[in-house]
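The annotation active site, proton donor is assigned in TrEMBL to His253. Residues annotated as AMP binding site in TrEMBL: His253, Asn254, Phe255, Arg256, His257, Asp294, Asp403, Gln454. Among the features that TrEMBL reports, Zn(2+) 1 binding site is placed at His257, His293, Asp294, Asp403. The annotation Zn(2+) 2 binding site is assigned in TrEMBL to Asp294. The domain 'PDEase' annotation in TrEMBL covers 177-498.
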Amino acid sequence: MGSSPSSYSPKTIYLDVDGKVQKVVFSRHCSPCDIKELLCSSSNIPRNTAIMMVDPGGAMVSMDPTMPTNTPSSLYKVVPLSTGQLGDKEDMFQNVLSQVAEQFSRAFRINELKTEVTNRLAMLEKRVELEGLKVVEIEKCKNDLRRLRDEMTSRGAGRVSCQCKYNFSDDGKKVTPRRDVPNYPKYTLSQETIEALKKPTFDVWHWEHNEMLSCLEYMYHDLGLVKEFNMNPITLKRWLLGIQENYRNNPFHNFRHCFCVSQMMYGMIHLCNLQEKLTLTDMGILMTAAVCHDLDHPGYNNTYQINARTELAVRYNDISPLENHHCAVAFQIISLPECNIFANVDPEAYKQIRQAIITLILATDMARHGEILDSFKQKVDNFDFTNEEHVTCLKMVLIKCCDISNEVRPTEVAEPWVDCLLQEYFMQSDREKSEGLPVAPFMDRDKVTKPTAQIGFIKFVLIPMFETVMKLFPQIEEIMVQPLRDSRDHYEELKQIDDAMTEGSTFVFPFRKDFNKT
């Protein structure tokens with residue numbers, strides 16, 4: 001179909017310019033701005049002047065391609081707008097804007113949101129004023145205020161915040177699993193796998209996350225913990241999903257490390273016949289602390305947190321910032337009804353379980369290594385399994401052993417973990433250098449090698465601790481202590497080779513005192 005030629009023909013209007021007739025021709029496809037500029041030029045009025053156009057009767061005429069045409073006998077006139085006229089026009093525009101704003105307010109409940117946020121801000125400000133909070137609490141309040149403003153903004157914009165991993169700078173983030181149980185494929189454990197799970201030789205590198213989750217689920221059932229704590233099996237699955245999704249993808253401190261520690265704990269329970277010496281509640285405390293012990297680890301140890309004055313270090317007053325954070329995240333997950341594996345436990349018993357789990361997770365801070373081991377050494381020769389203090393000390397040493405037990409495993413399983421740990425250390429030391437913070441020699445890529453990183457740690461930390469445990473459980477010598485001695489010899493041989501090739505190392509690593517987080 002064609003268009004009428006008249007739709008493309010130019011449009012003509014006639015103007016009265018200082019008593020003379022001025023003919024103005026423009027295309028029907030001109031923009032209103034172009035037409036206004038043309039009218040200003042035709043009427044000898046400076047460009048960008050606010051104008052209006054009137055007919056012989058004084059009525060305003062629209063200045064756009066749809067304006068009605070006229071004749072030389074009915075001339076239009078272009079008139080510059082005075083300041084007063086502009087003010088009237090602006091008032092009209094403001095009225096329109098006010099009406100639109102009011103409609104938006106009603107649509108998005110902005111007034112209600114303002115009232116709610118104002119009340120919450122007032123409460124926080126009163127808190128600061130009345131309680132005379134110190135610097136740390138004031139900083140926390142400032143963060144609360146920032147979060148409230150962000151919340152008002154996001155809610156006003158109609159956005160829904162996504163459920164993502166817990167962030168220690170945002171208490172509002174939820175830690176519930178982002179996928180539910182139906183997406184958790186069931187992995188059937190073979191009898192061979194069931195037996196292998198009880199041994200330190202278990203190869204943790206051959207398993208996907210869903211398979212590791214199934215293995216952890218099996219451990220809880222096998223130890224009788226599901227029955228003892230009357231756990232809903234579906235809740236156990238959801239809790240494990242929540243745990244897995246709140247471990248970060250760090251080179252070392254990740255969910256696979258969590259599984260390693262938990263599997264070693266399960267192995268030690270069987271190897272040391274702890275079911276015969278400790279209660280089922282103790283078993284649950286040991287396993288749950290192992291599963292939760294590094295939750296949401298940021299990949300930078302306590303030394304970095306304290307030196308960099310991070311929010312974690314400020315929040316926990318430089319006292320085991322990471323371990324305190326792991327505990328907080330663990331119990332934030334458990335506080336969710338769908339993830340509360342202790343929901344059916346008596347409240348008083350739950351208090352004791354919670355405190356015991358916190359005690360064990362805090363014990364994994366290597367800054368407390370000497371203190372905890374010395375306490376255990378004083379008790380081990382006359383150890384009393386009926387003494388609550390003795391049993392608590394034993395559990396602290398057990399989780400410490402499991403946390404740093406990689407070198408107990410076969411070389412092909414243990415050695416990749418050294419690479420992972422060094423990668424994480426180098427990431428931290430690089431960042432410390434860039435931020436002008438102190439750098440530990442055992443984390444400096446320019447000073448440390450794999451043998452120097454391991455020899456001192458095995459000789460002065462691992463072997464003494466496991467040999468002390470061996471006094472109470474002699475059966476671990478062949479399966480756990482001897483592999484440590486073999487690992488020490490292996491790295492000493494590697495160091496001799498390195499020294500021969502480099503004609504002497506410039507950095508001697510007598511003791512890997514990583515007492516801030518392993």
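In case you wondered, yes, glycine gets a Cβ from its N, Cα and C as well.
Those TrEMBL annotations? Automatic predictions, nothing curated.
Around Asp403 (AMP binding site), taking its Cβ as the centre, 24 other Cβ atoms fall within 10 Å, counting all chains. Within 10 Å (C-alpha to C-alpha) of His293 (Zn(2+) 1 binding site) lies none of the binding-site residues Asn254, Arg256, Gln454. With His253, Asn254, Phe255, Arg256, His257, Asp294, Asp403, Gln454 listed as the residues that bind AMP, the site has a largest C-alpha separation of 23 Å.
Taking the mean position of the Cβ atoms of His257, His293, Asp294, Asp403 as the Zn(2+) 1 site, the remaining residues of that chain whose Cβ falls within 8 Å of it are His253, Cys258, Cys260, Val261, Ala290, His297, Thr364. A 10 Å cutoff on Cβ-Cβ distances gives Gln454 (AMP binding site) a total of 28 other Cβ atoms nearby, all chains included. Model confidence over the domain 'PDEase' (177-498) is summarised by a mean pLDDT of 95. Annotation for His257 (AMP binding site): same-chain Cβ neighbours under 8 Å, separated by at least 6 residues, are Tyr247, Asp294, Trp417.
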